[in-house]
Amino acid sequence: MRLSTIKSTIAVAGGNLYRCSHPSTITNSEMLFSIFKPSLPDPLESPPALFYLSGLTCTDSNFIEKASSAFQTAQDLGIAIVVCGTSSQNRFEGDSESWDFGHNAGFYVDATEEKWKSKGYSMYSYVVSELPSLINSDFNCGVHSRGIFGHSMGGHGALQVAFKNPEIFCSVSAFAPICNPVEAAWGKKAFEGYLGSVDAGKEYDATELVKKKGAKTFDDILIDVGTKDQFLGDGQLLPQNFKLAADMSQQKVTIRMQEGYDHSYHFINTFVSDHVKFHAKRLKAEQRSKILQATEEVDTSMTGKPIKCNAMVARGPKQPLTHETITVDPPKAGEVRVKVMANALCHTDIYTLDGLDPEGLFPCVLGHEAGCIVESVGEGVLSVKPGDRVIPGYTPQCAKPSCIFCMSPKTNLCPAIRSTQGAGKMPDGTTRLRDEKGEELYHFMGCSTMAEYAVLAEISCAKIDDSAPLDKVCLFGCGVATGLGAVWNTCKVQKGETVAVFGLGAVGLSVIQGAKMAGASRIIAVDINPKKFEAAVKAGATDCVDSLNGLPEGKNVQQHIAGGLTQWGVDYSFDCTGIVSVMRAALECSHRGWGVSCIIGVAASGHEISTRPFQLVTGRSWRGTAFGGFKTRTDVPKLVDKYLEGELPIEQYITHTFEGVDKTNEAIDALHSGDCLRAVVKYF
């Protein structure tokens, strides 16, 4: 049964902002709160919840109206933000009209003085128990992880609530908090009034609490304070006291003194995205940890034995995949058997299934963009162990000092197992996959993740953070990483340079994302489907070109870009289509004298590129990239870390999700529909 009443709903930053009320059994009054709930690919997923505590005289409306930049970051990172008021709204005869006491400021304590206790001045218990429970039941948020932050008095509340309840709130930060209220005028007034004495307030004082804890409670605490905060110099905030106590207790605290900022919401709005990102990394790690504790994901009882499992088998080109039971043999020396938790469908899988790949072999198990858990390892494997989370890499990295490719920063094309991988076999020239008749099945790109289990070469396993959600970070196994790397590694786009991107699928959009992050001044998105332009603009495109119906009369797309939209062309262009005529257009719209065009899309077998030699003579050059130049085992874990830290959102690419390996054909249909960027199939 819903406990709260939704008073209003508005769309914000791709999610929804709800303003609500509910009768509180703790404060004995009607309480107001707001919650921003992000839109997630899986509507049943419970996002982590970040609770914001308001300062003196403030209500939930102050934050949602004046610090709204938080919501776009929260949407990008899949975080809910909950904002509550400062006190019980029970006004009564004898209530204080003071701006820093009574109904203006409950101070996040549980009052013990009868006058206030009887009127529900118990904001501490409300924040710790009633509100989180309501957010869980009514909005399905914060089921697995919660963080807390606040401003001024709310910053004090966030710090002391977190220190007293680290099992409830796994992360904490604050803006200009009252760090040591037993030494500050505001705190002394509140503690004497609500609790009967200043000494009783030590149980609600963050500086006293960190002394009492005597050991590290959180991995870090982020605090921002403006250098022109009017309450910094008059002894109200006292961040130096908290820092000294934290240092003595070996509790890490990061205090950032922000030059020129005061105590206002302008200050909060400027830095609130940093705080959301700070919490997102910790909330997602905690959520993943809680889920793992509740789920037995790896059964090691089959170590050394063949495993029978569900798989989708490609029997021949242009044929639907068949749902079969296959046998996956144990790993041999230098090999790793993994449990595939989720697989994202990539156009390369479809390219091969359609018979366009000259190396395509049948029957085989396709799939290469996946998130996995190590089930067992073969002899000599030292870099991963059972239970580790890994992303398979179709571009291996042997990392041997004798490998000139692995040792060179110029390439990621390690040839150590190229010949056997291209032949659909493991490094020893044999297969680990058999169908129900015992007949061999070919491996695909060294991965074959359209099955519940797979065997990989150790040098193809990128070990990632244990907290990473495998149904999200699987995207770093191919397409998204390829687009980002084409910008960052292959072309090394610099701040202020210009870019054109041809083809607005997941790879093209990730090129745009990477170019925006690199600081490109202009990003021209090109496609024949204008419906894709909205996503391109969200990713960072500054211009959109319909190359089918949106060109000036008598001009092709390269002439429109070089000579129309720009004088001489763009510094870098990227083909993400695999169509050779588009590759030519991309080259010819690049800048005279120095333009570089990067080929990402894979053309069909037998197709060749062409242009007039004059295009190259006048300074343009073609480049190609495989997996964006990323070295699988060293670079993919870094991409995952960036995602976990909130610096590299990728949820926007997942437009379709399916449950069960047998739903892969449905995922293929979705990919063919034209409105699918990435379809992720969860196996377990």
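Backbone N, Cα and C atoms are what each Cβ position is placed from, and that goes for glycine too.
What TrEMBL says about a protein is an automatic prediction, not a curated fact.
What TrEMBL says about this protein:
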ACT_SITE  Ser152  active site, charge relay system
ACT_SITE  Asp229  active site, charge relay system
ACT_SITE  His263  active site, charge relay system
DOMAIN    333-465  domain 'Alcohol dehydrogenase-like N-terminal'
DOMAIN    506-641  domain 'Alcohol dehydrogenase-like C-terminal'
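Residues in the domain 'Alcohol dehydrogenase-like C-terminal' (506-641) partition by DSSP class (helix H, G, I; strand E, B; coil) as 55 helix, 26 strand, 55 coil.
Mapped onto DSSP classes, the domain 'Alcohol dehydrogenase-like N-terminal' (333-465) shows 19 helix, 38 strand, 76 coil. The Cβ of His263 (active site, charge relay system) has 21 other Cβ atoms within 10 Å, all protein chains considered.
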